[in-house]
Structure formats: structure tokens, C-alpha cells
Amino acid sequence: MAQPLAFILDVPETPGDQGQGPSPYDESEVHDSFQQLIQEQSQCTAQEGLELQQREREVTGSSQQTLWRPEGTQSTATLRILASMPSRTIGRSRGAIISQYYNRTVQLRCRSSRPLLGNFVRSAWPSLRLYDLELDPTALEEEEKQSLLVKELQSLAVAQRDHMLRGMPLSLAEKRSLREKSRTPRGKWRGQPGSGGVCSCCGRLRYACVLALHSLGLALLSALQALMPWRYALKRIGGQFGSSVLSYFLFLKTLLAFNALLLLLLVAFIMGPQVAFPPALPGPAPVCTGLELLTGAGCFTHTVMYYGHYSNATLNQPCGSPLDGSQCTPRVGGLPYNMPLAYLSTVGVSFFITCITLVYSMAHSFGESYRVGSTSGIHAITVFCSWDYKVTQKRASRLQQDNIRTRLKELLAEWQLRHSPRSVCGRLRQAAVLGLVWLLCLGTALGCAVAVHVFSEFMIQSPEAAGQEAVLLVLPLVVGLLNLGAPYLCRVLAALEPHDSPVLEVYVAICRNLILKLAILGTLCYHWLGRRVGVLQGQCWEDFVGQELYRFLVMDFVLMLLDTLFGELVWRIISEKKLKRRRKPEFDIARNVLELIYGQTLTWLGVLFSPLLPAVQIIKLLLVFYVKKTSLLANCQAPRRPWLASHMSTVFLTLLCFPAFLGAAVFLCYAVWQVKPSSTCGPFRTLDTMYEAGRVWVRHLEAAGPRVSWLPWVHRYLMENTFFVFLVSALLLAVIYLNIQVVRGQRKVICLLKEQISNEGEDKIFLINKLHSIYERKEREERSRVGTTEEAAAPPALLTDEQDA
């Protein structure tokens, strides 16, 4: 792969050339020079071949000669042509640019039909010969050109004018000046009658309305961008701590959007109708003591927060005679709001929409992060193209400087990592240490799962656990302490293994913490659906599971606050005051991300038993963001080994989709299809399984009349038929596969384009060397011709004297 050319031409100039840009005549001379060179090359092919062969022999004999010649050895004509190339003259002549766009606006105005905006060629320096500027003997002054351009811009439509101003290779100040001048029309409106060049009242009114709507749209767009949550905070975090820490907060923002979507569906179709038609309470409302905020029991039990509060009857129509003696049946001719069916369908549809959104987000993130295979040239792009010239405020410019500096640190650290390989002995020693540490971490995860199982069995067999409400917090507290302490133990063990890449270190820590969380959650799922269902026969076990998940979620938040207080704040104070060190703790990305995934998994597990649990998760995420942001800025330092987190968002979404969401979906499917609901509470109290609510609804529809006879057919052939489920799953997998193939194809195309750019660079070097060789041959021919002419013009007397001598 050839590197892009980067050199500076030292072109000899005459005193009259200084301070002047290239004129159309100079450009014409350049074109004529290239045409003459091509003709000379076609006429002297044989001589050129001999010269190339001789040059190849010289190159073979000398090992110090390279392909590209230094510019100090180029001839004056070659350097002048190189300096006049289009790539070297971009933006050199402002007057020529204005003339170019003036002629373009004239052509646009003279057309009968308005062209498409996509047909404009946004070339920075097109050939001025196309506009017949060299035929004008007296060039217009820059101010006259600008005034003509303003007049022509005023005659264009607003969209065309903005598009053309956007494409001009001028500075932002000049573009603003042209836009302000073109917004005040002083001539005759195009296509509008008028006398003496004065616009009519309708034209002025229409122009004012267009400007007002345009300004209103820009203001609304700026307001929407300003209303984006945590916009400035995320920029500040990314500038000070890099993309690795920023990926955690972006992932938290994504989880907030998922929970908001889930809560919207549950409120609209489950909690809203139930609040509108509240059931009768079984007894007097219990008194709230304040402990309910931690336990979720007490006065929260008989509310819309839990499964047991929802009725198993219709909500918007009086009942006729029961169909089976226990189920409320609507009268003939009506289609009531069936609460059991609405409860089950809403949970299923919300999970399906979450799955589609999650898969789409993961595929989009995968395409954005893995589309480009290599990062060659990214350093130059970051240096030359990262600055946003629209930034005018001092605080924003300082923040952008921090972002660019951190980005360069990450890129250089990644480049240095690729150029420092390990030896064979070092790799073997690293593999042995990795194996030992992995065994210890797996043993720790297995021990935590066994401890949770033993303690949960003890809680089931303990008689005082059912009588005291505070005892219900013991199991969540034990699980939370294990989730908090085990990652620290794994982090201590990870200090023994020498990781070259900080990215690999984070990925390994994420895998170990994920195994720990999965082991604990698997044990808890068996505890809830395998043990608690049998122990709580005759009671509302769904409410207990919902309260248990609420307690786990609240306890996880409390322990997170304590960990932030003692793990970051206290450690910083001790390090600075007692140990006299300036080192602050680093932000543990792996542990904090797995805490977010763990909390979101608890939310998905509890949606069926506590529909209001996503609201609790939203409040928790909001508090976590502000607590973590404050602690990060005050107590943490940037990573000592900067690294580029280009794929972290994709990895986080993948972990959220497959282990977390898929596990929660399997848990809920087992509860819907296999577990018998409680007979004393909830919308499915009279059914053997929750899934039978659909069949009961079909029987009600058949009794409701012929107007809705097609709905039982839809349920029978689309909902109960497993072929439809497999078909939808196959289509989803096919879409994912096609998206992956499209991304791979785009990567191949990008690689081919990069290779083509590299080949074009080599072609330029080859053509410049050929040009130099042609000029060298031409200079030698001129010198030999001059020598022959001098010999022929010598006096005959001198020749006679030489012969006599």
C-alpha cells in the first residue's frame, strides 16, 4: 500500500508572479503543456523505451535510488506544471471561484425547467475554460463579480440558493455575507411582473413568509438538538475520559429508551384500563410505614404495581350469564375489553417490539463499527478533519480540543499496541497465567451460585421469614453483596495476568462478570418458579415474585450507591490525604456495564408479575447517571492506557440481547405455558395456564356474533399454529443474515476503493517520473542542438589554424 504524497513544492517565481493567483491564461498554458508533452511522448516511444531500459539498469545497480525523485532535482518546467495541478490550486483564487458560480447561476436562471439539486457538481476548482473567461480581455474586479453573483443568487429559489452557497469553497464568513446580501432582493423577481424593478406586495409577503418559515425551522432544529438529554455532559465525559468511558453512559441512555418504550405500552393497555375500572379491594387498605420503599410489600401489594391487583373480567361492559359458572361472559353483540387477553397480549407484544428494536439497534451498531475494516489514514483524518469551524464559544472550543486530544491518544495507543508483539516464551507464560486465573474466576462464580441456592433454601424452610417483612430483604442483600464482592476478587486476580491490550482486558472482565451474573440469575429463576410456586400453593405467588424482583432492583441500586461512595470517593480521599498520591481510581467499565445489564434483566423478568417495574428502572437509571457522572468527574481519572472503544457499544448491545433478553424471554415463556397461575388473584386465576386465556377469548368471540367470526380463525391459524412462529423467526433471522452480508459487502467495497486510491497514488508518482524524464531528455536535446549550432557557427579561420597546428 502506497502512502499518500505529502510534499511542498519550491516553485521558482518571477517578481511579477508574487501576490497573484493563476489566471485563465496560465491554466490554458498548463493544458497546452500537457498536450504537447503527450504528443512528444507518442512520437518518441522507441527512444523512451531505450531510455527506460537504461534507467532500469541504473536502478538495479544502485540500491539507494528510489521511485519518487526529490523535488529539489525536478526541472523548473516540471515544478511549474505540478504547482498548477488542480489539487494544488484549490481555493487559491477567490475571484475565480465567484466568477465560476456567477456563470453557474446565469446558466440556472436561463434554463426553462429547474434542475434537480442532486445534479449540481460540487467541484472545488473546475476548469475555467468551460465558462469562456479567457475570451474576456478585461477581467472584472472582485467586488463587481461578487455583486453580480449576489444578483444572480437573488433570482434563484431559496433551496437552490442555499445548496449553491453550501457548495462554494469559501470561508464561513464569506458564505454568511453572501447569504445576508442575497436575502435582500433589489431587482425584479423572476417570473413575476413588475414595473421599474419593484416587487409587488404579494411577492414581498411570500418572500417574508418563506424566510420566517425557514428561520422557524432552523430554530426548531437547534432547539431539538439542545433538548437532547445529557448532550453537553456526554461531550464533556468523552473529551476528558475517552470513548471507553463514554460508551458506558451511551449504553445507559439506550437502556433508558428501551424502558420508556416498554412502560408506554404497559401503561396504555394494562394499567390505564385497570385504573379506569378499578376492582373492589379485598379488605381495608394497609397503612404505609415507609419500609415499603425497600420491600415493595405492604400498601403497595393491592395496587396496579403487581399482578394480583388486575381482574379477570371485562372492563367496559356488564356481564351476562357466565359461560362456565366462574368466568364473566359478555352479552351477545358486544366486543368487550378482555383483561386477561389484554394482559397477556400486551406483555407479548411489548417483548416482541423490544426484540425488534434491540436487534435493529444491534445491527445498526454493528454496521457502524465494523463496516470499515482498517484504520489506515485515520490519524490524518483526525488531525485535519476533526475541528468543527462552526464552534464560536470558548467553552465549546475547549471541549472540542479535549475531544480531539483524547481521540489522538487512543489512536496512537492502538497503533503502538499493534507494533509491539510478544515473544513465544512470553505468550506461553501469559497463556498459563490466563488459564489459572480463569479457573479461579469460574470457581468463584460457581461458589456464588451454590451460596445463593443454599441461602434461598434456608429462607424457604425458615418459619420467621414469612412473619417479618424486614427479613425479606436478607436474600436480596446477600445476592447484592455477592454481586459486589466477586467482581473485585476477579479484578484482583486479573492483576496477575499481563494483558497487552486494554480492550482485551475489558472484554475478559466482562465475560467473567457475565458468567457470575448468569449463574446467580439462573439459580434465582429456579428458586422462584421451581420452589416458590410449590411452597406458596393457595397464595398469590405472582405477587411474591414481583415483590422479590422489586427488592432485588432496589437493593442493587443501594449497593451501587455505597460502592460509589466507598469505592471511589473514600479511596480518592485516602489516596490524596494519607498516601500523598495524586493517582485517582479509574472507572471500572466492565463491572458497571454488567450492573446495568443485570438490572435490566431483572426488569424484563418482572414485567409479567409487576407491570410498573420499568418505571422503577427508569427512576433508577436517571439517578445512576447523575451519581456516576458526578463521581466520575470528581473522583476518577482518565485511563492510564488510552484505548479506542470503537466496538464497545456493539458488544454491550449483543450482551443485552442474547444472554439477558433471550434468558428473560425463555423464563417468561416457561411461566406462561407451563406454570399454573394462582387461583386467588390475578387475571388468570381460573385457568390452568396463562396461555389458555386466548382460547377462552376465542369461545367468547364465537358467542359474540358473526361480525367477529374472523378473529377466532386468526387466533387458531396464526397464534396457536407453531408454523407461523417458526416463519416469523426464520424471517427475522433472514433479515439479520442479509444485514450481515450487506455490511460485509460494504467492507469489501471500501477495501477495494482504498486499494484503488492507493493505486492512483502510485500512478501519479509514475506519471510525474515520466514527465520528469521527458523534460530531462528535452533539455539534453536542446543542449546538444545548441552545441551543434555553436560548432557550425565557428569562424573558418579558427578551423584552418587548428588544422595547421
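For all residues, glycine too, the Cβ spot is worked out from N, Cα and C.
Taken from Swiss-Prot, the feature topological domain 'Lumenal' applies to 1-209, 271-338, 453-469, 527-553, 626-650, 744-805, supported by sequence analysis. Residues or ranges marked as region 'Disordered' by Swiss-Prot: 1-29, 778-805. The feature phosphothreonine is assigned by Swiss-Prot to THR89, THR105. Summarising the annotation, Swiss-Prot assigns omega-N-methylarginine to ARG94 and lists a large-scale study or a structure entry as the type of evidence. As annotated by Swiss-Prot, N-linked glycosylation site applies to ASN103, ASN312, with the evidence given as sequence analysis. Marked as transmembrane segment by Swiss-Prot on the basis of sequence analysis: 210-230, 250-270, 339-359, 432-452, 470-490, 506-526, 554-574, 605-625, 651-671, 723-743. Marked as topological domain 'Cytoplasmic' by Swiss-Prot on the basis of sequence analysis: 231-249, 360-431, 491-505, 575-604, 672-722.
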(request) Taking helix as H, G and I and strand as E and B in DSSP, count the residues of the topological domain 'Lumenal' (744-805) in helix, strand and coil. (result) 58 helix, 0 strand, 4 coil
(message) Would you say the transmembrane segment (506-526) and the transmembrane segment (432-452) are in contact under the rule of three or more C-beta pairs closer than 8 Å, pairs 6 or more apart in sequence?
(response) yes
(request) For the transmembrane segment (339-359), find every same-chain residue at least 6 residues outside the stretch whose CB is under 8 Å from a CB in it, and list them. (result) 258, 261-262, 265-266, 269-270, 273-274, 310-315, 604, 607-608, 611, 653, 656-657, 661, 665, 668, 672, 683-684, 687, 690-691, 693-694, 696-697, 732, 736
(request) For the transmembrane segment (605-625) and the transmembrane segment (250-270), check the count of CB pairs under 8 Å (sequence separation 6 or more) and say whether it reaches 3 or more. (result) yes
(request) Report the listed stretch (250-270, 506-526, 554-574, 651-671) having the maximum count of Cβ pairs within less than 8 Å of the transmembrane segment (210-230). (result) 250-270
(request) Please work out which recorded stretch in 250-270, 554-574, 723-743 has the most C-beta pairs separated by under 8 angstroms from the transmembrane segment (651-671)? (result) 250-270
(request) State the count of C-beta atoms found within 10 angstroms of the C-beta of ASN312 (N-linked glycosylation site), not counting that atom itself. (result) 22
(request) Would you mind listing the long-range same-chain contacts of the topological domain 'Cytoplasmic' (231-249), meaning Cβ under 8 Å and 6+ residues beyond its ends? (result) 225, 399-403, 405-407, 409-410, 502, 506, 587, 589, 592-593, 596, 625, 628-629, 632-633, 636, 638-639, 642-646, 648-649, 652
(request) For the topological domain 'Cytoplasmic' (575-604), find every same-chain residue at least 6 residues outside the stretch whose CB is under 8 Å from a CB in it, and list them. (result) 241, 244-245, 247-248, 251-252, 255, 258-259, 351, 354, 483, 487, 491, 506, 509-510, 513-514, 517, 521, 549, 552-553, 556-557, 560, 567-568, 613-614, 616-617, 620-621, 624, 628, 632, 635-640, 648, 652, 655-656, 659-661, 663-665, 668
(message) DSSP on the topological domain 'Cytoplasmic' (491-505): how many residues come out helix, how many strand, how many coil?
(response) 8 helix, 0 strand, 7 coil
